[in-house]
């Protein structure tokens, strides 16, 4: 007997009430200990767009529609829907027997209040509300949208997994203003949040919601299909140190680590107790975002010229190394592998890289040696890597580059500054977006061209806004794809940002865990032992 | 003596006031934006601005400072910007792991370092002395996180004697509690042991040259009683001073140790709060640490009177 087992046995004998090591749980075999990418500091999935909070949201709350592996919406809480009056009246019927964690039934009025709160924060929700005359709850189980004109993407909007997600909350909670965090975490999802076991910054605990009724039919993929729970309890243990997380996984103190960094992956792959796989086929898409308000990147010709200098392989190699199975380099505007991804105008990114030609084009476009201020986040190695490659690239094409390396919290403050770079503003920053968050114009914030109200960088691209508006009205996928090609061409003409490639983030879990779903870290369908 | 204690306790008030002003001002001018961190990367500038307003971060410096001071005077440390929980509740949640870590480290360090220093002084110039001093140099030179990783690798992963990470509350049993603290305490204590052992050796060497030690030897007192009764007691004042100063070292080291061993203590709370710019939490924790440090200094000053009756306040 190893000493630790002896100590554990002694402790168990001394305190029979004590359960699994360290966390006071019972039935350890059905307890899953999970190491998330970060602690969800804010637990309200509408106030924040943080991915960790969105993932927490899917444990606690349910959605009217789910997203399947083909990136299409399927009824989830909804039993069925009816489209009438030439698409201007949509009635969604709720499934029977749905309950919140406080025991109250889920009513249509709860859904209406939740949709209103979500829509106030969500770009697709805002379009939906702009086209909605009224949302009604004529009875306990019917939600009626009275629309000014048809909105073919209604179900896609309600199913989207890009934060903020349209989670359904009790009406009294959904009445909270959308910029103010909710005070109670009560949902109707497959897991109940245990508020008294929450340790901010360290631990989030959920237990199986016994009254959850999964869909009877369908295939479980992404957030669609039956959400069957095989675990009694899920514990999130935030571990800021990657070495500690790796050790905890290897030692069996945790069973699933959401996102081991690249430098730890080789060691984990070599461990026979650990399995590694790529859960999200849409990966992460890198971008160098221009500030369109000030020289030199207020010049479309300069932005466009720089597309010819981008070598996505160089960027992705700096992020995840030479293993080509972990990244791809032919990345355009929409997340590769998603329905709207296309090859329109891609030659500007995939053709021969000619730095001398780019130098000439930049000079001809009027670059006058202005200082280019780049913002780089030092606390995320992936962001730091693409920022350094980006700085080097701009220097090679003859730009006067100042790289400001700082923590993310400082960077986000500065990127909100619209002043010229010499007065505390900036010229370019680097970030990664989840591939699914670039899957269509409704969620792709970096494609917005509405000037002062656009995402940081504030591009004004009227043609892009017009195409986006048309996309919302597109009657079917074919029409959406045709518009997506035009949008990509427009984006590669205007250059709101430089696409830097896509990498795939591996997840690591103990052998013996099964049923992990593709896409997000979700806990239904997962089995232990 | 009582008057002295009262005077010292009262003296903490201006000290804390200066700390409060300093911390608040520093955070005010420090770059970073909690509203942008809360909103997330995909939020629009308008969303961020609305959150900033709802948090009151757009109010002028004096208004915010005045409101914070007024709350503190009423015993309210404020509410975390991120979790919406009272800062006092968050500190209460985190204080046990940090306190446990510090107490175990302190006990471990003192019980190892003082005898080491005494023996090194007694066997000065021998291999024992050189080993102790070698260990001390090593303790100073190797960073806490490296010691932590090495210990975790050997004792948790390879030998499977102890857990890799985490913390178990004392209420769940002594054995699991101490199991989780051994490796972090040894890692955190390595610098502390080195510091105390060196000071103990140096002070003991000086004391062992004194006439009264020669007299004790001449009277036939045995070595143990010479070292621990006659010499160590007279060397205690500088040793206690170093132990007290070392508490600050422990507070700083706890930040790293709690990260390496995933202990949900005040150190991690501080780092997380700084990274997110959770101002009320940073202010609350720094005030607490300052208060503890002032208090420790007071206790040490009072301890002097126990070891050296000539000291009077």
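A Cβ is built for glycine as well, from the same backbone N, Cα and C atoms used for every other residue.
TrEMBL annotations:
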type: TRANSMEM; residues: B:9-30; note: transmembrane segment
type: DOMAIN; residues: B:95-304; note: domain 'ABC transmembrane type-1'
type: TRANSMEM; residues: B:99-122; note: transmembrane segment
type: TRANSMEM; residues: B:134-157; note: transmembrane segment
type: TRANSMEM; residues: B:177-197; note: transmembrane segment
type: TRANSMEM; residues: B:235-261; note: transmembrane segment
type: TRANSMEM; residues: B:281-307; note: transmembrane segment
Paired segments the transmembrane segment (B:9-30) and the transmembrane segment (B:281-307) in contact, 3+ CB pairs under 8 A: yes
Other same-chain positions with a Cβ less than 8 Å from the transmembrane segment (B:134-157) and lying at least 6 residues past its termini are 116, 163-165, 182-184, 186-188, 190-191, 193-195, 197-198, 253, 256-257, 259-261
Could you tell me whether the transmembrane segment (B:281-307) and the transmembrane segment (B:99-122) are in contact, taking contact to mean 3+ Cβ pairs under 8 Å with a sequence separation of 6 or more? no
For the transmembrane segment (B:177-197), give me same-chain residues lying six or more residues beyond its boundaries with a C-beta closer than 8 angstroms to one of its C-beta atoms, as numbers and ranges. 100-101, 104-106, 108-110, 112-114, 116-117, 120, 132, 135-140, 142, 144-145, 147-148, 151-152, 155-156, 162-163, 166-170, 239, 242-243, 246, 249-250, 253-254, 257-258, 260-261, 263
